[in-house]
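Taking it in order: structure first as structure tokens, then the write-up.
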There are 2 protein chains.
Amino acid sequence: MEQQEQQDLHFVIISDSVGDTARKVLQAVLAQFPSVTVHMYHYPFIRKMKDLEPVLEEAKELKAFVIHTLVVENLSEYTDNFCVAEDLPCYNILKDLVRDISETTGQQPIRRAGALHRLDDEYFNRISAIEFAVKYDDGKDPKGFLDADLVLLGVSRTSKTPLSMFLANKNIKVANLPIMPEASVPDEIWQVDPKKIVGLTNDAEVLNNFRKERMIAYGLSPETIYSDMDRIRAELEYAYELYNKLGCIVINVSKRSIEETAAIIMSSIEISDTTIIP
Amino acid sequence: MEQQEQQDLHFVIISDSVGDTARKVLQAVLAQFPSVTVHMYHYPFIRKMKDLEPVLEEAKELKAFVIHTLVVENLSEYTDNFCVAEDLPCYNILKDLVRDISETTGQQPIRRAGALHRLDDEYFNRISAIEFAVKYDDGKDPKGFLDADLVLLGVSRTSKTPLSMFLANKNIKVANLPIMPEASVPDEIWQVDPKKIVGLTNDAEVLNNFRKERMIAYGLSPETIYSDMDRIRAELEYAYELYNKLGCIVINVSKRSIEETAAIIMSSIEISDTTIIP
């Protein structure tokens with residue numbers, strides 16, 4: 001194998017708002033370089049020249065990659081020009097798209113910092129969706145199933161809670177319910193449109209390992225009924241039968257991150273388009 | 001005011017994984033054009049040429065803007081070349097940064113689709129953080145305060161729950177507690193390092209409106225004790241005094257989105273760097 005150069009890279013992220021967009025892009029890029037050592041410096045809410053200047057001086061000092069999403073024209077141009085003059089690699093993430101949309105539509109961008117985080121109806125609906133998901137997590141109140149945009153069913157350790165929170169952040173009202181052979185399913189579930197229901201499963205082996213670890217964490221013997229393979233298989237069979245009766249879609253989460261499972265759900269389930277933040 | 005051209009724009013988002021990065025960039029750009037009518041077509045998990053081709057044909061049909069984060073070389077190049085040939089505007093979001101990091105470090109990108117969503121330790125820690133936040137939401141169990149990376153205190157309607165979930169998704173273990181004059185604060189709060197505590201407040205007028213609306217939603221008269229201004233001021237004063245005694249930082253959320261408040265918290269609070277997803 002070729003000997004590869006190893007060196008630390010410095011990244012300065014500058015935003016006039018939260019800075020999540022630039023960070024997201026950088027994370028996606030860095031995932032392609034798992035062995036590079038990275039130092040990130042994050043400067044959100046840079047809205048005045050006097051705040052920008054010391055950040056750029058620091059970037060120069062560090063010989064950093066400068067990644068920015070500044071939309072206010074003088075700050076954005078100043079940053080680009082500074083980087084050219086100082087020979088720093090500079091990535092103005094929004095620039096090309098903003099320019100081209102402006103040319104195509106004949107409209108000027110509003111160039112308002114923080115426009116993505118307006119406290120508008122969509123924002124408050126999203127906040128409500130998150131509160132809804134916490135309120136109706138873990139089958140706490142069966143009334144939630146009737147008001148939900150989406151009902152997640154799943155045996156233990158199928159990521160119901162984090163998946164609910166993730167989808168809530170996309171403006172979807174989610175209720176979830178743990179499925180186990182001993183507890184009967186609340187009547188409300190049968191009143192929900194099956195197109196709004198997703199059944200989550202996992203591989204028996206994965207569940208077995210999860211549960212053994214949980215037992216160990218509790219200071220108990222890992223070989224309890226909770227981790228017994230026959231028991232796990234019976235649970236999964238019970239869940240499959242239920243999903244079949246309901247006619248809902250079924251997703252095995254064993255090799256999927258919540259982001260991946262969420263993307264599948266969002267493209268499979270009939271949720272009114274207007275409720276989803278695109 | 002100049003008469004502006006109005007037309008619908010079509011955007012085709014292509015990703016070999018979830019597609020959140022491209023979507024995030026596009027959302028930030030579109031926030032700068034609030035009056036443009038937009039149609040978004042979202043194609044996640046495009047990992048084979050046979051899946052890519054029909055998507056590109058559709059983009060051609062729609063004369064769409066093509067935005068992609070494809071990292072597998074042949075798919076990425078094919079897309080770029082197709083768009084050049086068909087004269088479609090094309091945005092390969094990760095390309096320049098990947099090329100420049102590769103040149104600087106001498107390392108080749110792994111070009112693995114979905115590398116951002118690896119099921120690694122960091123991922124499972126984040127899942128735990130979300131479960132933690134749900135478990136210790138709303139002061140449910142005071143033991144959570146001692147294990148938390150961050151404790152949020154706040155009067156009613158200061159976005160404690162959605163803020164906790166948002167920060168949990170950044171891998172921070174958050175517990176939150178509602179503050180009201182009648183309920184004494186659990187002893188555990190006084191054992192927490194004040195640098196890990198954030199006190200949330202809001203403007204009295206904003207709270208008054210929130211609470212009136214809540215009363216109306218419940219079918220009650222909006223003029224109850226819950227929305228009484230003197231009562232609200234007393235609650236806020238009580239909270240301020242408590243925050244002062246604790247010596248924690250205080251953030252007024254009245255004009256801030258949860259993303260903005262979270263960014264302030266993450267740059268103010270002493271959370272061990274290793275626990276935060278950068």
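Residue 1 is the first one shown; counting continues down the chain.
Using the three backbone atoms N, Cα and C, a Cβ is placed for every residue, glycine included.
Keep in mind that TrEMBL annotations are predicted by a computer and have not been checked by a curator.
Summarising the annotation, TrEMBL assigns ADP binding site to A:GLY154, A:VAL155, A:SER156, A:ARG157, A:THR158, A:SER159, A:LYS160, A:THR161. Non-local neighbourhood of A:THR161 (ADP binding site): A:ASP137, A:ASP138, A:ASN176, each in the same chain, at least six residues away, with C-beta under 8 Å from its C-beta. DSSP assigns A:THR161 (ADP binding site) to a helix.
The least crowded of the binding-site residues A:ARG157, A:LYS160, judged by other CB atoms within 10 A of its own CB, is A:ARG157. Under 8 angstroms separates the C-beta of A:THR161 from a C-beta of chain B, among the binding-site residues A:VAL155, A:ARG157, A:LYS160, A:THR161. Excluding A:GLY154, A:VAL155, A:SER156, A:ARG157, A:THR158, A:SER159, A:LYS160, A:THR161, which define the ADP site, the same chain contributes A:PRO178, A:LEU200, A:ASN202, A:VAL253 within 8 Å (Cβ to the Cβ centroid), listed in sequence order. Residues near A:THR158 (ADP binding site) in space but far in sequence (CB under 8 A, at least 6 apart, same chain), listed by position: A:LEU200, A:THR201, A:ASN202, A:VAL253. Non-local neighbourhood of A:SER159 (ADP binding site): A:LEU200, A:VAL253, A:ILE258, A:THR261, each in the same chain, at least six residues away, with C-beta under 8 Å from its C-beta. If you draw a 10 Å sphere around the CB of A:SER156 (ADP binding site), it holds 16 other CB atoms from the protein chains shown.
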